[in-house]
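Novice: Here it is, the structure in full.
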C-alpha cells in the first residue's frame, strides 16, 4: 500500500476545502499586500516582520516547532492561517484570541500531542487537526460555540463516544478522521459521528484492514475510505464495518482510495454494495493481488448509477481475461468508467445493456473493440481516449449498431483514414466527435458522421479542407487548432458553423471575406499563427474591427505579426500600412502621372532651348577626343601634313572662305584646299587622293549645291574608300543647309549611306551657338603634326 499522508482527501470534503482556501485567497489577491506566502522557506519560527494588514498567511512546510501569542496577535484582520507540515508539538488556543476574523486554520501534519483549551473566535469555518500525535480526540468544550464550522479534521489513537459530546449539536459539512495510528483494543467502541454530510476515514497504509469500533453518522451523504488493504480472510471485516455506514438512505456517494485487494474480495465488495442505496461508487488507485478467477456475480436490481475506477495495478500476470472483463461488461448500471488500467479489451455485453456512458480512457484497446456489438443500443457517450486505435474506418464500423450514440471521443490515438478501405459507416445519431491528437490528414473530411454538430480535429496533420466535401451542413463547432492549415477556411461547406478554432496553424494571410462567408459565426479563435503583415492582411484587420469584440477571441494579444522581421511581435491592431503602398491604381497615378508631366515639361524645355543640339555637339566632341587618343601619335605625325582637307561646292565658297577657314586656321590648324594645294600638272583625281591621304580629316560641306557637283562626288567617293581601306575615322560631315532626300540623285548612294549611318555637324543659324560649333569642329581635327611643308610635291 502507498501511504499518502500529503493528500488523503480525494473527494467529499476536498471540493469544500479547495473552494474555501482559494476562494479566500482570490478574494484578496487584488491587494497583494494582504497575502503572505512563506511556505517551503525552512522557517524555524514565525517571522516578526509580517505586514499588520495580512489576511492570508501561509507558513506550511517549514520547521516551526512553537507558536506564541506575540507571533500573530497583531494580525487582527487575519482570515486564513496555514501551518500544516511543521513540527509543532503543543497548541494554546489562546494565541488566536485577537484574531477575531479567523475563518480557516490548518494545523494538520504536525506533532501535536495536546491542546490547551480556551475560547476561540466563533467565525472559524475550517479547523484541521488531523495527522497529529493525539491520544484522544482533540475536542475542547469551547468548540461547541463554533456554529459556523463546516470542516473538522481530527486524529487520535483511541476513540471514545464522550469525546464528541461538546460538538454533538453542530451540523458539519465534512469530518476527516485520521485512524492511521489507531490502537486496536479488546473492547469494541461505538462511535456516533455527529451530523455530517461527508465523512472521510484514513487508515494505516501498510496494515490489513481491522477496526474495533462501530461508526455511524446521521444524514451521511458521502463516505470516503483511504488506505484499505484486504485479502480473502479479512474481507468480511470491511463488509461488516460498512454495514453500519451504508445502511442510511442518504448515503449516495462512496469512495475508496488506495485499495489493495484480491479479485475475489473486490467482487464481494461490489456484491455487498449492489443492493445498497449508493448511487456513485468511486475507486482510485486499485491494486489487484494473488489471483483472478471466475467469480459468481448476481446483478440485482440496483440504485447504483455510476462506477468509476481510475488506475488499476494488476499484479496477477496469468489469469482469465474473460473472468475479469465479464464482471464489468454485464453490469446493469448507467455509467461505467475504467481508466488508466491498461486493459487490452472489453467484452460486448451478452444481453441488451443499460449502459448510457462508457469511459475507457488510457487503456490498450485496439480496433477490434466492440466490433459487431449490437447490445449497446442505449449507449449515448463513448470515450476511448489514449488507446491503440489506428483505423478510422473500423472505428466507424464499431458505431453502426450503437443506435443512441451521440458523443464519441477517440482522441489521443493513432487513427488514420485510408479511402481505399471504402466509405465510413458511422451511426447517424452522432453529433459530437472528438478526433484530436491523431494522425489524420485532409481525407478525414470524407469520413465524418452525417449529422455531426461538434467536431474536434486539433493536433492532427491537416493541411487543407477539400472544397468538394459535402454533408457537413449541420456542423456548428469546428476545432482545427495545431494543424498545418495555410488558409482560413470559409463557410461554403459549413453553412451552420458558429464556432471555429484554428489557432496554432500556418495561416499567414487570412481572408478578409471570412466574416462575409460565415454569417453565423459567434466565436473565432485564430491567434498564434505566423501572420505576414502585408497589404492583404490589412483588409482582414479591418474586417475584425467591424465585428463584435466577443466574436474574435484572444484579440488583440494573440494576434501578432511574424513576418517581416521589422514587424515581428507587433500586434495586428497596431499594424499600419499606407493606402498608397496597397492601392496599385493609386500608386500608378501617384508615380506615373507626375513622371509623365515632368517628362513632357523637360521635353518642351529642351525643344525650346534646343538642348538636343547641344547634347549632340558634346557627344561628338567626346567621341572625337576618344578616337584620337586611340591612334598612335607617331603614326599620325609621320604621314600627315594637314589637319583637314575641305571639300565643298563653289556655290558655298563664300561661307567656306569667310567662316570656316578663318575660324579654323586662327588656331594654327593647317587646311588643305584644292585652289591652293593641288599640284599643277597632276590629274584632278590624283590631287584629290593625295590631299585626302595627307590630311588627318576630310571635311565635306553638305548642301543642295554639293550634290550637284560631280567633283564633290569624286572627293566623297575617295574619302569613303579611304575610310574602309585604312579602318580610320577621317570623315567629318557639315550640313550647311538641309538636303531633302528626294534631291539626292540615285547615283549618290554613298552620300545617302553616309548621311544615314554617320553623325554630322549641323551649322546652327543662331549666332549664339557658333562658338560651341567651332570648338567642337576644331577638337575633332586638332592634332600635332610634324614640321613639314604644307605643299604637296
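Cβ coordinates come from backbone N, Cα and C, glycine included.
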Novice: Any idea which of 585-605, 606-626, 627-647 is down as transmembrane segment in Swiss-Prot?
Specialist: 585-605
Novice: Residue 63 (N-linked glycosylation site) to residue 434 (N-linked glycosylation site): how many Å between their Cα atoms?
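Specialist: Between the alpha carbons of residue 63 (N-linked glycosylation site) and residue 434 (N-linked glycosylation site) there are 49 Å.
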Novice: By a 10 A CB contact count over all chains shown, which of the glycosylation sites listed here is most packed: 63, 253?
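Specialist: Within the set of glycosylation sites, the most crowded position is 253.
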Novice: With a Cβ cut-off under 8 Å, give me the same-chain residues at least six positions beyond the ends of the repeat 'LRR 13' (355-378) that come close to it.
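Specialist: For the repeat 'LRR 13' (355-378), the sequence-distant neighbours (Cβ-Cβ under 8 Å, at least 6 residues beyond its ends) are 306, 331, 333-346, 348-349, 384-391, 394-395, 397-398, 401-405.
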Novice: Restricting to the same chain and to residues at least six past its boundaries, which positions have a Cβ under 8 Å from a Cβ of the repeat 'LRR 9' (251-277)?
Specialist: 1-2, 4, 8, 10-12, 205, 220-232, 235, 238-239, 242, 245, 283-293, 295, 297-304, 316, 319, 323-324, 327
Novice: Would you mind checking how many other C-beta atoms are within 10 angstroms of the C-beta on residue 285 (N-linked glycosylation site)?
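Specialist: So the number of other Cβ atoms within 10 Å of residue 285 (N-linked glycosylation site) is 21.
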Novice: When DSSP is mapped onto helix/strand/coil, what comes out for residue 145 (N-linked glycosylation site)?
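Specialist: Residue 145 (N-linked glycosylation site) sits in a helix per DSSP.
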Novice: Please report the three-state DSSP label of residue 359 (N-linked glycosylation site).
Specialist: strand
Novice: Should anything in the same chain at least six residues away from the repeat 'LRR 8' (220-250) have a Cβ under 8 Å from its Cβ atoms, list it; otherwise answer none.
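Specialist: Beyond its ends, the repeat 'LRR 8' (220-250) has Cβ neighbours at 1, 3-4, 8-12, 174, 180, 193, 196-211, 214, 256-262, 264-265, 268-269, 272-273, 276-278, 289-290.
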Novice: Among the glycosylation sites 423, 434, which residue has the largest number of other Cβ atoms within 10 Å of its own Cβ?
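Specialist: Output for this query is 434.
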